[in-house]
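Feature list (source: TrEMBL):
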- His8: active site, tele-phosphohistidine intermediate (ACT_SITE)
- Glu80: active site, proton donor/acceptor (ACT_SITE)
- Arg7, His8, Gly9, Glu10, Thr11, Asp12, Ala13, Asn14, Arg56: substrate binding site (BINDING)
Amino acid sequence: MQLYVVRHGETDANAEGRYQGSLDIDLNERGVLQARELRARLPSQIDAVVVSPLRRAQQTAAIVFADDGLELHTLDAFRERSVGVFEGLTQAEAAQRYPELWAQNITRQWELAPTDGESVSQFVERIRKGLNELLANHGQQVVVLVAHGVVAKAIRALVRDDFSDFFDWQLRN
C-alpha cells in the first residue's frame, strides 16, 4: 500500500493554538484555501480515500476530492487523540485551570492521560489497529488518509518503528 497522510486544513482553534482533540470544529477560511490547493500535490491515481470522522477532516477531504468522484470512507480509528479537559484550551489556559495535571506534563506521558482523555499508548494502539485495517482492505492500493496532526505523528513513528522524536515532530496544516 502507498499511503499518503494529509492533515486537515486550518481551523480557528489551530490558529489560536488551542487543543482540539475530539472537538468537532469547522475549517476556517484559510483551511478551505489550503484544502483547495492540496489536490495538486497528491498523485493523480488514487484508489481510496479514508477520512477521520471529525468535521475538519471531512470538510478537507470533501474539498480536496470534490472533482474526483472518489467515495470518502470514514474510519473512526483515525480520529484525533482526545486530550479530555484540555480540549478547547490553550497551553496557558490548561496550565492555569489544571495545574496539577499540567505539572505532570500529562499530554506527554505514555500511560497517563488528562482527565477524560486518552493516553498516548491508548491512542497509538488505536492508530496501529487502523493501519492494520487499511493494509487488510487496501494492500496494493494508493490510499490518501485525511486526518490530524497527532494521527500523522503516530503513523510516522509506527512505520519507522521509532518514537524518539514523537513529541517533537509535527505535520502542519
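Note: Cβ is positioned from N, Cα and C throughout, glycine not excepted.
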What's the CA to CA span in angstrom from Ala13 (substrate binding site) over to Glu80 (active site, proton donor/acceptor)?
-> 14
At the Cα level, what's the spacing in Å between Thr11 (substrate binding site) and the residue listed as 'active site, proton donor/acceptor', rounded?
-> 14
Cα of the residue listed as 'active site, tele-phosphohistidine intermediate' to Cα of Arg56 (substrate binding site), in Å and rounded, measures 6
C-alpha of Arg56 (substrate binding site) to C-alpha of the residue listed as 'active site, proton donor/acceptor': distance in Å?
-> 11
Rounded to a whole angstrom, what is the largest C-alpha distance between any two of the residues Arg7, His8, Gly9, Glu10, Thr11, Asp12, Ala13, Asn14, Arg56 that the record assigns to substrate?
-> 15
To which of the recorded positions His8, Thr11, Glu80 does the lowest count of other Cβ atoms within 10 Å belong?
-> Thr11
Nearest-integer angstrom distance between the alpha carbons (Cα) of Gly9 (substrate binding site) and Glu80 (active site, proton donor/acceptor) | 14
Given the residue listed as 'active site, proton donor/acceptor' and Arg7 (substrate binding site), what distance in Å do their CA atoms have, once rounded to a whole number?
-> 10
